[in-house]
Amino acid sequence: RATITSLVCLLVCLLVGWLYADWSERSLLQFRAMIKCVLPNSSPLEDFADYGCYCGFGGQGTPVDQLDQCCFVHDHCYSMASNLSSCDSLLDSPYVNIYDFRCDSATNTVTCMSDNKECDMFICECDRVASACFGVAPYNVSNNHLSSSLCKSASGGSSSSALTTVSFALILVLKLTSTA
């Protein structure tokens, strides 16, 4: 009996892990597809997965340039999504949430579809705004695979103030577009 219970528990854990991995992959693929829409000749995993201090997993210090600021704002947008009452389940995490969007390849623009639920729309808008930001930010090859030791702590200087202004402006745009 203990063996059957253990086997059932193992199967449930494997199933949950498989589902989580599948959603996570699709969610990351959606963000990648948005970036490819805006920047068709880019290689998102190579170009953005380890850029500056904030592009990729984690982040610390002060963003090193405009592109890194895009990632900084994207990270904070995901944090905001995690705090929304409509994003309260495990499946509503920005890293696993699935949403509907459209790519207009003629204009290289992304549109989040109006039939998204509130949480889906918010996360879609986080990704849409970030991909649009990537599209206008200069790419500095020397900031790709940047050593984390070069990510200075944000210490309230003018750089920090400018980042706060940029972050506030982008988040405001995000909020306005997600409620429209």
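In case you wondered, yes, glycine gets a Cβ from its N, Cα and C as well.
A TrEMBL annotation is a machine prediction, not a hand-curated record.
Each residue in the domain 'Phospholipase A2-like central' (27-152) gets a DSSP state, and the totals come to 65 helix, 10 strand, 51 coil. For 27-152, the entry in TrEMBL reads domain 'Phospholipase A2-like central'.
TrEMBL lists Cys53-Cys151 (among others) with the feature disulfide bond. The Cβ of Cys151 (disulfide bond) lies under 8 Å from the Cβ of Gly52, Cys53, Gly59, Gln60, Gly61, Thr62, Val64, each on the same chain and at least six residues away in sequence.
Counting only same-chain residues six or more apart in sequence, the Cβ atoms lying under 8 angstroms from the Cβ of Gly56 (Ca(2+) binding site) belong to Phe48, Ala49, Asp50, Cys71. Summarising the annotation, TrEMBL assigns Ca(2+) binding site to Tyr54, Gly56, Gly58, Asp75.
The Cβ of Cys71 (disulfide bond) has 22 other Cβ atoms within 10 Å, all protein chains considered. TrEMBL lists Cys55-Cys71 (among others) with the feature disulfide bond.
The disulfide bond annotation in TrEMBL covers Cys70-Cys133 (among others). Within 10 Å of the C-beta of Cys70 (disulfide bond) there are 27 other C-beta atoms, taking all protein chains into account.
Taking the Cβ of His74 (active site) as centre and 10 Å as the limit, one finds 24 other Cβ atoms among all the protein chains shown. If you look up TrEMBL, you'll see His74 (among others) marked as active site.
The annotation disulfide bond is assigned in TrEMBL to Cys77-Cys126 (among others).
Positions annotated as disulfide bond by TrEMBL: Cys87-Cys119 (among others). Within the same chain, residues at least six positions away from Cys119 (disulfide bond) with a Cβ under 8 Å of its Cβ are Ala81, Leu84, Ser86, Cys87, Asp92, Asn97.
The 10 Å shell around the Cβ of Cys124 (disulfide bond) contains 27 further Cβ atoms across the protein chains shown. Among the features that TrEMBL reports, disulfide bond is placed at Cys112-Cys124 (among others).
Residues annotated as active site in TrEMBL: Asp127 (among others).
Other Cβ atoms within 10 Å of the Cβ of Tyr54 (Ca(2+) binding site), summed over all protein chains shown, number 24. Those residues of the chain, other than Tyr54, Gly56, Gly58, Asp75, with a C-beta within 8 angstroms of the mean position of the Ca(2+) site C-beta atoms are Cys53, Cys55, Phe57, Gly59, Cys71, Phe72. Distance between Cα atoms for Cys133 (disulfide bond) and Asp127 (active site): 10 Å, as a whole number. Considering only the recorded positions Tyr54, Gly58, Asp127, the residues lying within 10 A of Cys77 (disulfide bond) on a C-alpha to C-alpha basis are Asp127.
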